[in-house]
Structures are given as C-alpha cells and as structure tokens.
Amino acid sequence: MTSSSVDELPSAAETLTYQIPSDTTPIDPIPSSNDVEAVGEKRKRDDDDDEKTTNLESSTPSPWFKTSLCSYFRRQGSCSHGDACKYAHGEKELRQKPDNTWDPTSERGKKVKMMSEKSAEEEEEVGDVMFTEEMMDDNDGEEGGVHDLSLSKCLVHLPTKWQSDDIKTFLREQGVEYKFAKKRRGMMVGFLTFENAEQLKNGVEVLEGKNVNNKSLKIANVLPRTFDKNGAKNPAAKLKSAREAVTPLADLSYADQLEQKKASISQMLKKLTRNARKACPNGKSLPEWVLQSREIGGLSCKLEGIIESPLVNGYRNKCEFSTGYSVEGKLTVGFMLGNFSAGVTAVEEAVNCPNISKLACRYASIFQSFLEKSRLPVWNRFKSCGFWRQLTVREGSKPGVVSSDEDADSRIAEVMLMVQVCSTDTDEAEVATEFEQMAKAFAEGARASSPPLPLTVLVVQDHVGISNVAPPDCPLRLLPIPVSDNGTHQDQSTNVLTEARIHDHINNLRFSISPTAFFQVNTCAAEKLYSLAGDWADLGPDTLLFDVCCGTGTIGLTLAHRVGMVIGIEMNASAVSDAERNAKINGISNCKFICSKAEDVMSSLLTEYLDVSETEEAKPLSGDLEKQISSAEEISNSEDAPPANIQEVQKTEQKDSSETERSTKRQFKNVVAIVDPPRPGLHPDVIKALRTHPRLKTLVYISCNPETLVANAIELCTPSFEKTGQENKGYRRQSKMGTAALARHRAKKMPASEPFKPVKAMAVDLFPHTDHCEMVMLLNR
C-alpha cells in the first residue's frame, strides 16, 4: 500500500529533520544505525530523540506532517508513537499534502480520485460544439452580426440555470474582455466571441479549467453549421444522423447486440458486489452472497442470460416526434440529433430508424406537411416560445396476432395521435381553425395511404413548460376526426368517443390505455417479461402480490389468476382509472388499485394487509362499505367521469372504512412484491418499507435502468448497522456523488432488519438497436 510517491518527496532541507514517508511502517527522524529493529516490532525512542523531534516540530514543522496515514496504526489498531507520530492516526487527523492532494489510500483521496475520473470522462465526452440554431445569430438585438468562428469559443460545463446575463457577469468578474456572449437556460454550454486574437488567447488562459459550481470549465471550438443559411453544405462539419442518435446499435447484428447488453448487465452485477462490500458495517462478516460471488466471477448473483425480443424491427407502440428545424433549416417533424444542453436542437426525419413502425413515420410525415402550411410557429427551444411542440403516436395491437419484422404493421388495430402545443398568447379562434385543419389533414392522409391507416383518437395536450415532458395532469382536448361520406368526398365531423383511449393486448388480456398512461413500448417482449417475473415470484392461491408503480395494471392483472389478491400502487390518476377499467374489462375481481405515491402509502399498506391477527376470520362487508365500493365502481365505469371524482371516492372510502376493512382482510401465507419503477428507481421510503416488514420475503425488481437497480439493491441487501444513523453523522452529500455511493450512505441509516439477498438475474431486451435493456432480479430472505 503506497502512501506517497517519488514526486511528493520533501525538499533537501526537510530531509534533515524528516525522512521520506514510508509505505510500510513509520520511521523515526534521522535514526542511527543502533536504532535498527526487526520489521513488525514496535520501535522505541530515547528521550533525546523525542525532545529533539518535539523542538523541531514546534519550530519548523514539516509540510508533510500528518499528510499520510500511519500504516502500522491501520494494521494493528495502535501505534507506539502516539500523538508524537508524524503520520495521521485515522481520517480525522489527516491533512492535505503541500500540493493540495490527499493521501491516495485515504477515503478522501479515493473520493477525490473518483470525482476527478468522472470529470475527466465528462470532459472527454464533450468535443467540439456545433450550435444548430440561433445561438450564433444576433437574434436578441445585440451587436455582433455574423460572428467570426476563428475568434469564437464555447464554454462547456456551465450551470444550466445560467442565462446570458449570468455568463456576462461571470466574465466581468474574471476580468475577461470579449465582444459577444450568449447562453440559454437549460444548456451547459455558452457561446463567446472575442474582438481579436489577443483577447482570445488571454480569455482562454483565464477560463480554461476554472472551477464553477464544482465543475471544471472546458473551452471547446465552435464547429460551423453543416449547412449555411443559403443551403450550401459544409463538408467539414459533422453531426449524428437520426439513426445514429436514436438507434446507436442498429449497424450491429442482433446477436452482437444481445452479447453487448449481456456484458453490460454483468458489469452492473459486479458493481453491486463491490459496493456491497464497501457498505457492510465494520466488524460484521460479509453476507454469504458477497463471499460466494468469487465463485461466479464477482457477480452478485447468477446471470441466467438474456431474453431476446420477438420483434426486432418496428416494435415500438409509442413514438414521440419533436418539431423543429433540420440542419438545412427545413421545418421537420422527427428526432433531435443531440442534447439541448449541449447546444444541439436540429431535428431530422425518422428515416431508417429500425425501431419505429412505418405507420408512425407516415403520421409524422403527414404532420410535417401540415405544419409547412400552418400559420402558427413551431416551438423554438432557444427562446422557449412557439405553438406546435410534439407529436405522439400510440398504437394498439390486434389480439392473438403474431407478426414478423416484415409485416409488423399488420398487427396494429388502433392508433392514438396526441399533438402537444403551447397556447400561450394565441387567438382562440385562430387556434380552433388550425385544429380543424389539422384533424382534416390527418384524416385525409390516413385514408390516402395504401393500405389506409387506422386512426382512432386525436387529442391535443396544452403544455407551457420549457421541456416537452408534460405533467400527467396537463389539460387534454379531444378533437373530432372528419370521416368521408361514402364517396361524396364531403367531410363530416364525428365524435362517437367520449374518452381518449385505445386498446392493446398482453397474454390474451385487453388493456385500455389513456394518452398519458404508462404502457410498455414493446408489447411482444413485455409478455415475456411479465411471465418471467411471475415464474420467479413463486406465486400461488395463498399469495398476496403488491404491484408497485403499476401503471395501467399490466403486471398485476396478467398475474392475477395465479394469486389470491393484487394490490396495485400508482401515482398517475388516469393510469389508476385505466387499471380499474382493465380489471372490469377482463372480469378480474381480486385486484385493488391505490392512487398515491408509493412512498406515501407503502408502509401503511404493508401494515394494513399483513399485520392483521391471524385468528380473525373474514367477515362480510358492512352495508355502508358496500355502498361506497359500489358508488366508486359506478363512477369509475362512467364514460364521462373525471379522474378527480374517482380519487375523491377512493380517499373517502379509505378514510371512512379503514378500521372496518382491517377485520375483513384475508390472511395470506405468502407475500410478494413486484416493483417496476421509472428510471430514477424506488424512493428511499419505499425501500425502507419493503425491507423492514418481516413478512415480505420475496421481491422481484424489474428495472429499465440497471444503474438505479444496483443503488436500490445496496440498501435492500446489506446488513444493518447496530447504531442506526450514527455512522452518517456530519455527512453532507457531494454534488458529484454517484448513485451507488449515495445508496451506501443511506444504507447506514436503514433500521435494523433482515436484508434481502440477490438470487438470480435476467436481462430482457425490450429495446433492440439501442443501448437500453430491462433487467429482472429476484431478491429473497
């Protein structure tokens, strides 16, 4: 173990008093030949040496004093030199070295190294920057005109909250002279132009590596546009195509894609093992699954393999197309070619993207043709203004139809189109006219296609936020779809539907889907995913299944026939309404869905359903409770009932009848939870509730982001600390701390409870041609 390097040697003057720090045991200042002792034995000092050292330390202390950890102290837990030792006894005594670095063997040294490596990776990812819209233009009335790119630079890793005024203030504080500076909120890059080469040189010297909000600034060159304003192509400029941006693995064979994803999952399992070792309390033996990991190559559990997708091409049943302008300046409906935060806002048509259905591409083309004639502008990401923002195409499949990649579109029976707009500062009459023309364009385009395209629902979502990601309660407006009048070619409006819904099928069950509800984008692969989860969960008639983050209830409903009861938890009100409707459509009566955040109700639900006395027998429902449940069902089944009413009835039912229901709960011998959280993973309160309830023995974790599964598994699977929370005293989260490191700190606060252990894992490829993959892990205790 090395505590210092040759580059860190003290000066010659310092060596008169202190020797070079050792990588083994502490060495006394200027030992004589008579003081040599056997390795491993405690060394002794005479009084003269102690007095000399003390005087020298008090007068001219070495800058290396206490900058390295005492290796003898760490091995033996003690040191004969005590306070007089020039090495640090633990992290509290440790000081920085003269070059402002930490002992690389210390916790702080390791943390700094990890952060620097992460920063280096981030900087490597950012090369030259090409703005694809108005950042380089004089669109704010500032002087500047056409900018000389040879005198222009980009500042990368700026705070995303900064705007132009913030970057100008920052440049003034640093004493940097410049001609033009601009930055948009939400971006990590800013554009900067200098008056001359001297200003450029001085500015780069001052700004390169400058620390801003714990990030090191990087100066990047500004690439010219791929096309200039006159449409002339610049061969020197390069940009990803839509195919490369959306399906980066499309040029690999499918077998190679599967191997690459399987290797990625293996790395995640090894990462879980490494972090579990670090998270275990000192003085406690490592969990058995950590010790056994050495027998399977460091994996936390056995990786069973990867399940491939039945459909490899055209499998997505939901596609979101952005509106904007291409690198040539053409109005386009398609996919973004890069991240807005990196300065790229160019949009390219979804040409040659193998994961998208031809039907979805056709509707994007119809919408693009309509926008070219529209009098309302498309959304401008730099200015955060405009009207037309996004087109979402959702598809519903026919029941029991198994199609191949070649005829994937033949399985599509229903289509929902959702157009996202921003109606701020617009005329209502003009907007109504535009909507009417848009509906006509979609209807005519669908009929003109060969074969004709299905069109079931057309809905408008009004969203005023900066990002296209709208909240679930964003206002929706159902538009009538014009239909042809039997060959007369006169359009008449019809609005037979009173709700915006389409339907899809999984495992012979029919699912009703509202515009914003979550539904797996690969229906065929989802069937395999849910069957796997059910097989691993060890289900039976005496099983109570908690479906956490249930969405429209797909997991719970497909497994309901294999269990005694399903409790689904979902925060999206429209998704809960869909789940209840789906249960009725399929004649399933043993499912109950709770509309709430899982972190708010998970603990109380486990207590409510699992802590009932086993001697109590089931009793018939009271009259009042039957009326409330009946009323709730009537409202949920009503075609025009708003979701808010359903929530009110549910809340009233839960509040007024909770005590009555406690005495009617059926007892279940087996309790299982299946969780399918969004990309950020489970909330810490949900993890705490799942882990600390002793009767919950089996947990199946389905993850679309293996990185967060690793973090959650650290908290679920590491032993508890004896003194809960004491180990985290004084801990402050660092901005660059990774999810795994943060999970290790949270694990120290976990109440005393029996940890889970990872049993086995499986990868399921729901997203061919992309880097993403679903991961399923079985945990039990």
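Note: Cβ is positioned from N, Cα and C throughout, glycine not excepted.
Automated prediction, rather than curation, is the source of TrEMBL annotations.
Other Cβ atoms within 10 Å of the Cβ of CYS704 (active site, nucleophile), summed over all protein chains shown, number 19. Per TrEMBL, active site, nucleophile is recorded for CYS704.
According to TrEMBL, the feature active site maps to CYS704.
Residues or ranges marked as S-adenosyl-L-methionine binding site by TrEMBL: GLN520, GLU570, ASP676. Of all the Cβ atoms in the protein chains shown, 23 others lie within 10 Å of the Cβ of ASP676 (S-adenosyl-L-methionine binding site).
What TrEMBL records for 20-33 is compositional bias 'Low complexity'.
As annotated by TrEMBL, compositional bias 'Basic and acidic residues' applies to 96-119 (among others).
TrEMBL lists 628-639 with the feature compositional bias 'Polar residues'.
Positions annotated as compositional bias 'Basic and acidic residues' by TrEMBL: 650-664 (among others).
Helix, strand and coil residue tallies for the domain 'C3H1-type' (64-92), in that order: 9 helix, 2 strand, 18 coil [DSSP]. Summarising the annotation, TrEMBL assigns domain 'C3H1-type' to 64-92.
Per TrEMBL, the feature region 'Disordered' maps to 1-64 (among others).
Taken from TrEMBL, the feature region 'Disordered' applies to 96-125 (among others).
Annotation comment: TrEMBL describes 620-670 (among others) as region 'Disordered'.
The annotation zinc finger is assigned in TrEMBL to 64-92.
Excluding GLN520, GLU570, ASP676, which define the S-adenosyl-L-methionine site, the same chain contributes PHE518, PHE519, CYS549, CYS550, GLY551, THR552, THR554, ILE555 within 8 Å (Cβ to the Cβ centroid), listed in sequence order. Counting in whole angstrom, CYS704 (active site, nucleophile) lies 10 from GLN520 (S-adenosyl-L-methionine binding site) by their C-alpha atoms. Contacts of GLU570 (S-adenosyl-L-methionine binding site) defined by a Cβ separation under 8 A and a same-chain sequence distance of 6+ are given as CYS549, CYS550, GLY551, GLY553, VAL576, ALA579, PHE593, ILE594, CYS595, in order along the sequence. Counting every protein chain shown, the number of other Cβ atoms lying within 10 Å of the Cβ of GLN520 (S-adenosyl-L-methionine binding site) is 23.
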